[in-house]
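Chemist: Starting off with a structure, shown below.
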Amino acid sequence: QDLPGTDNSTATLCLGHHAVPNGTIVKTITDDQIEVTNATELVQSSSTGKICNNPHKILDGIDCTLIDALLGDPHCDVFQDETWDLFVERSNAFSNCYPYDVPDYASLRSLVASSGTLEFITEGFTWTGVTQNGGSNACKRGPANGFFSRLNWLTKSGSTYPVLNVTMPNNDNSDKLYIWGVHHPSTNQEQTNLYVQASGRVTVSTKRSQQTMIPNAGSRPWVRGLSSRISIYWTIVKPGDILVINSNGNLIAPRGYFKMRTGKSSIMRSDAPIGTCSSECITPNGSIPNDKPFQNVNKITYGACPKYVKQNTLKLATGMRNVPEKQTRGLFGAIAGFIENGWEGMIDGWYGFRHQNSEGTGQAADLKSTQAAIDLINGKVNRVIEKTNEKFHQIEKEFSEVEGRIQDLEKYVEDTKIDLWSYNADVLVALENQHTIDLTDSEMNKLFEKTRRQLRENAEDMGNGCFKIYHKCDNACIESIRNGTYDHDIYRDEALNNRFQIKGVELKSGYKDWILWISFAISCFLLCVVLLGFIMWACQRGNIRCNICI
């Protein structure tokens, strides 16, 4: 189908942008649902299902907790002197030694996890007048009774348990972590059988701190055949400080110290398998890519991870506003420029031209405006990632039962942070999408105005994104318009002449239409006058009688 008003002496040039049959809905500041040609998902909503062992060093706890590995539970001896970036605790981990409790379990666990090492240095403590290396059938090491390898259970020697007073200075340049404990017998009889005194006492001091613990004899729930317990405590000795241990019974003594390191190591509870792969970000669900700025896989993360948000999806527009082409038009059909809809047939650029002239029809992309839009949009995802990625990890928070109110407050703070970031993410993406759509619309308008300035009075803006060119414009002429080398002065006289001729025809055609309408109106008027005159004449002659009743 030819373009209206197109013959060999004129041409039609339309400007437009590409479109797709099915676009993607995104959100902007002004519109919750606007269709664009292309968009990128910004929320990572799934994991790989496994924890990648690269680039972070992962230590699989298997069936040991970190504290059991620290104390030296016999079934955790494989972890002696190990190091890690992330220690993974499993849900099936269990203790298999003397029953114990750690009054400040969460703090000790976090402290050791962040240190990233179980490197242990044995020291020569001198324990005079007592029996060392106590063991229990609840803590088998092979067929023999055993105990925690990093602790030394001291009991009476013969019938005496003297007062112990031992010192150990820290002459190193790093902090030392000492683990020690207090034994709580199940009965008073057990107390005197092991330590002679009816009540023991343990005091551990440094220049900065002092801890004094009194054992509590009494029966407790049976665990691995025992109703007695050990309470585990810890002390950090700074460089130049000194450790002092004083006791008259019930002491579970240290055998040495753990080296303390500073770093960003951590611990995570997860049952995801460890696989051979590479990922910077780890969650309890498994590793996730960090090529997106947001994720809703898990709140707990380790490494350089996307920010956790509540949304399942946030789409960033990376294409222009999509206005699908009306399929009934054909290539040109009834003229269609960018004002009406996009062009689905244009695949080699975002913006372009369609023309019809004496040589036929054609289409070409405008690469300059296309590249300008692409350059401005490229890097949007990376810029959003830079604004939102956490270069640190979100650790698990643990609190004892007596710290329930602190735990509630911590949960409230974390939930508030998530709500805030979810809102920020929504606004950030909406702003970026608005900017993208405005930007791509602007490039289309720039191209249209550039073409208008070239053609000047040689063409007429048809109001729909097309120009009617009033001179013969072959393919070379069309190409000059596209590449900006068109000289309107060359065609000015021809265009002016053709414009008057075409407008004159349109004017005569317009007068004819007016005459027809006026003739029709006069004929109707005369018919009404004749009919009215006949009725009045008939009434006067008596042929028609008209009665009016009130």
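Heads up, the Cβ atoms here are built off N, Cα and C, so glycines get one too.
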Chemist: Of the listed cysteines CYS52, CYS76, which one does Swiss-Prot record as disulfide-linked to CYS64?
Modeler: CYS76
Chemist: Which one, CYS52, CYS477, CYS524, CYS528, is listed by Swiss-Prot as the other cysteine in the disulfide with CYS277?
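Modeler: The record-listed partner cysteine is CYS52.
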Chemist: How many Å separate the Cα atoms of ASN8 (N-linked glycosylation site) and CYS473 (disulfide bond)?
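Modeler: So the alpha carbons of ASN8 (N-linked glycosylation site) and CYS473 (disulfide bond) sit roughly 9 Å from each other.
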Chemist: Could you tally the C-beta atoms, other than its own, that fall within 10 angstroms of the C-beta of CYS139 (disulfide bond)?
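Modeler: That number is 23.
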Chemist: Given ASN483 (N-linked glycosylation site) and ASN38 (N-linked glycosylation site), what distance in Å do their CA atoms have, once rounded to a whole number?
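Modeler: Between the alpha carbons of ASN483 (N-linked glycosylation site) and ASN38 (N-linked glycosylation site) there are 27 Å.
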Chemist: Return the single residue from the disulfide-bonded residues list (CYS64, CYS473) that has the minimum number of other CB atoms within 10 Å.
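Modeler: Counting other Cβ atoms within 10 Å of each of the disulfide-bonded residues CYS64, CYS473 gives the minimum at CYS64.
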Chemist: Below 8 Å Cβ to Cβ and six or more residues apart, same chain only. Which residues does that give for CYS281 (disulfide bond)?
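Modeler: In sequence order, the residues whose Cβ lies under 8 Å from that of CYS281 (disulfide bond) (at least 6 apart) are SER287, ILE288, PRO289, ASN290, GLN295, THR301, TYR302, GLY303, ALA304, CYS305, PRO306.
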Chemist: Relative to the Cβ of CYS97 (disulfide bond), which residues of the same chain, six or more apart in sequence, are found under 8 Å away?
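Modeler: ASP68, LEU71, ASP73, PRO74, SER136, ALA138, CYS139, GLY146, PHE147, PHE148 - these are the non-local Cβ neighbours of CYS97 (disulfide bond), listed in sequence order.
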